């Protein structure tokens with residue numbers, strides 16, 4: 001329940017920035033620093049970088065006046081570092097708006113070539129990822145491993161207690177195997193090529209049968225496919241023959 005609410009999807013941008021500044025303040029005090037510097041640009045992020053939001057973030061982060069934003073400083077009220085003469089305001093910039101071109105030009109000027117993609121944003125702003133995260137928050141405690149699993153493959157909610165993640169390519173199959181936990185169920189077609197699936201939760205025979213139909217749908221088999229499964233690490237093994245699930249049924253389970 002973020003105090004300042006969410007953006008378009010599951011992105012609590014303002015509360016997230018406040019938390020960042022609170023943690024940065026602790027480091028600032030530990031290191032004996034006098035103020036913080038951020039790369040924020042006025043008006044670049046619609047949720048957290050308009051003037052009122054910047055003030056809220058700074059105040060609730062416990063750093064009123066102690067955050068220097070050099071890229072937009074000339075468009076913002078004087079910060080303590082500027083008032084005290086620790087930095088020269090005349091050397092600071094007045095960049096604003098959504099375009100990244102001024103920053104890219106600035107990087108070119110200083111010969112900086114290796115920097116993150118300017119359009120890269122928080123995964124919580126992505127509709128698909130946000131839906132998966134909501135599902136995770138609804139049905140279980142959140143672990144880092146679960147969050148990493150959300151980033152990989154096709155995600156299916158089979159029941160309140162069970163989910164299945166199916167790889168889309170070799171790289172994702174390998175990643176799923178690395179993320180698999182003890183007591184997860186690993187699914188794989190036996191006689192034809194197909195993906196790896198990782199099931200998590202309470203898998204009885206009904207859930208195994210349902211997961212096998214999904215696995216068959218993404219295998220190279222046209223009719224009935226034999227799907228092998230094992231409870232990790234190799235505790236219980238078995239196989240089931242399954243016909244590919246119809247797309248209409250599939251979409252009801254996919255998140």
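Glycine is no exception: its Cβ is also placed from the backbone N, Cα and C atoms.
Model, not experiment: these values are computed from the prediction.
Per TrEMBL, domain 'Thil AANH' is recorded for 13-71. Residues belonging to the domain 'Thil AANH' (13-71) score a mean pLDDT of 96 in the model.
Marked as domain 'NFACT protein RNA binding' by TrEMBL: 153-252. In terms of DSSP secondary structure, the domain 'NFACT protein RNA binding' (153-252) contains 29 helix, 33 strand, 38 coil.
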